[in-house]
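To start, the structure under review is shown below, and the notes come after it.
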Amino acid sequence: MTEEIKNLQAQDYDASQIQVLEGLEAVRMRPGMYIGSTSKEGLHHLVWEIVDNSIDEALAGFASHIQVFIEPDDSITVVDDGRGIPVDIQEKTGRPAVETVFTVLHAGGKFGGGGYKVSGGLHGVGSSVVNALSTQLDVHVHKNGKIHYQEYRRGHVVADLEIVGDTDKTGTTVHFTPDPKIFTETTIFDFDKLNKRIQELAFLNRGLQISITDKRQGLEQTKHYHYEGGIASYVEYINENKDVIFDTPIYTDGEMDDITVEVAMQYTTGYHENVMSFANNIHTHEGGTHEQGFRTALTRVINDYARKNKLLKDNEDNLTGEDVREGLTAVISVKHPNPQFEGQTKTKLGNSEVVKITNRLFSEAFSDFLMENPQIAKRIVEKGILAAKARVAAKRAREVTRKKSGLEISNLPGKLADCSSNNPAETELFIVEGDSAGGSAKSGRNREFQAILPIRGKILNVEKASMDKILANEEIRSLFTAMGTGFGAEFDVSKARYQKLVLMTDADVDGAHIRTLLLTLIYRYMKPILEAGYVYIAQPPIYGVKVGSEIKEYIQPGADQEIKLQEALARYSEGRTKPTIQRYKGLGEMDDHQLWETTMDPEHRLMARVSVDDAAEADKIFDMLMGDRVEPRREFIEENAVYSTLDV
């Protein structure tokens, strides 16, 4: 966009485009209604409310550079080079528009369509909520050759909007300090958490320059992002450590009825599908109509091409969606003037018209691509045919295992020590390494709600295995059968027999490896239970401090374990009998009472819940650590290794 056009349109973005729906009240009383929670998540949500406003300016074509700063005192500054929030008088409030934006709830440039055609956040809604939940917020607006300034305290205006200088730039700078009375859990920002989302925004908004700078003492760093390839660069980033079947991602984009659709995709030699979708920069974790349109088009276009080019014989069945998505990495990004979000976490796009639009736009572009690139097209079809053969083999294996008491719930694995309760909300399944630990766990558990499934040795590394090989593995079959969720296309998280799946392995290298193999299996083939928050890692103690024959205190593993051990030894050194240390290398070294007391008793145990905040990053790490390529793994280990004395 030229400066002349930008200046002309900037004149049209004025107070008349800031609509007021209701006053700013109750935000401080019920902050969770506006930002989800006042935890760490809610704290970081404040940043996105302000950044989204700058992104809206970028989507509208007026901003090209956004900067985010974590200040030394853990306050936040967001700077953009957009048009600047309007500073003229807003008709309904009789106050400057910028003041209205920051002090009136539901005042913003999104409503009515005059300000923004497409919006990620609701411009103004976020601003006023952030203001209400901050001890202090100030805004500098560069507009009409002047710098306009206003300051607020906990949502209230300190002084009228004033001009504090001249400028030849345009844009908005917002600085805010979250209120510790609201955010009682923490007011400390996590650089990595902010950085990941900022990089994601750079991928999703092609050509946008966005940076994040940490100015806190000892943590100083800056990351700059700028991707001319947009979501095609995102696919390359995700597939960085994977073997791909063609070098450059396929990229298509189109617009219909003011709705733009972008798709970037690339096939790897692996077995896992990784499709990520976004609507107006919001990650639609639960999918939606844009994903539906893409999946339908992908399957139809590949089958049509395979038939026309005799790559599928007349007597052969069409490839299924599962077949054509094996090894696929894809990013779908839709920009919609009026998105409707639904689903449990409001991360599912619900607009019905998007199915047809995505389907049509992607079908046309993808069909043309296949015709123009016959070698790549042939590789894609051949990969789908191989996947179909593996699917048929896996189906046969599944039927055989069902007959042999495999995946039917009515025939649970013989080694499963089940619990008596049938209420999944209270039941727990402990996956225990080895028979000896399994014996202690079975004896020590609460039989009412705790079930035990021992596994022998290291399970199959599913990162390197096809579906039929996975289903042939007895330990994996036992886990799926016990959980009751089904497998593959039949997987249904609502059928889970337990809402706590606890990985309980030894605190040594082998135990860590088994845990990693189990997490890889869960991430790749049971991901919905991970997303539902059902997966936990038990934290058995690493030391016991004994006085005579009695264990006085247990020390959990962690960075401070040696300090805690020395403190415990000092506490019990004053008596006649000197304390001794018992080191637990394996769960089998504890008797059933100790295992219950330290690791299984809900009153005293420590467990870590496993979550996936960043699916793309998790996908990269699992592939790097568990996949075929050695070099990326070696580099990762060299960069992240902690050199220490091993107790072996």
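From the backbone N, Cα and C atoms, a Cβ is placed for every residue, glycine too.
For 427-541, the entry in Swiss-Prot reads domain 'Toprim', with the evidence type sequence analysis.
Among the features that Swiss-Prot reports, Mg(2+) 1 binding site is placed at Glu433, Asp506. Note on Asp506 (Mg(2+) 1 binding site): other Cβ atoms within 10 Å of its Cβ, all shown chains, come to 21. The secondary structure of Asp506 (Mg(2+) 1 binding site), as reduced to three states from DSSP, is coil rather than helix or strand.
Residues or ranges marked as site 'Interaction with DNA' in Swiss-Prot (evidence: sequence analysis): Lys458 (among others). Counting only residues at least six positions away in the same chain, the Cβ atoms of Asp510, His513, Ile514, Leu517 sit under 8 Å from the Cβ of Lys458 (site 'Interaction with DNA'). Secondary structure at Lys458 (site 'Interaction with DNA'), as computed by DSSP, is coil.
Taken from Swiss-Prot, the feature site 'Interaction with DNA' covers Asn461 (among others).
Residues or ranges marked as Mg(2+) 2 binding site in Swiss-Prot (evidence: sequence analysis): Asp506, Asp508.
In this structure the C-alpha atoms belonging to Asn461 (site 'Interaction with DNA') and Glu433 (Mg(2+) 1 binding site) are separated by 16 Å.
Minimal Cβ crowding within 10 Å, among the binding-site residues Glu433, Asp508, is found at Asp508. Under DSSP, the residues of the domain 'Toprim' (427-541) split into helix, strand and coil as follows: 56 helix, 21 strand, 38 coil. When the alpha carbons of Glu433 (Mg(2+) 1 binding site) and Asp508 (Mg(2+) 2 binding site) are compared, the span between them is 12 angstrom. Its Cβ taken as reference, Asn461 (site 'Interaction with DNA') is surrounded by 15 other Cβ atoms within 10 Å in the chains shown.
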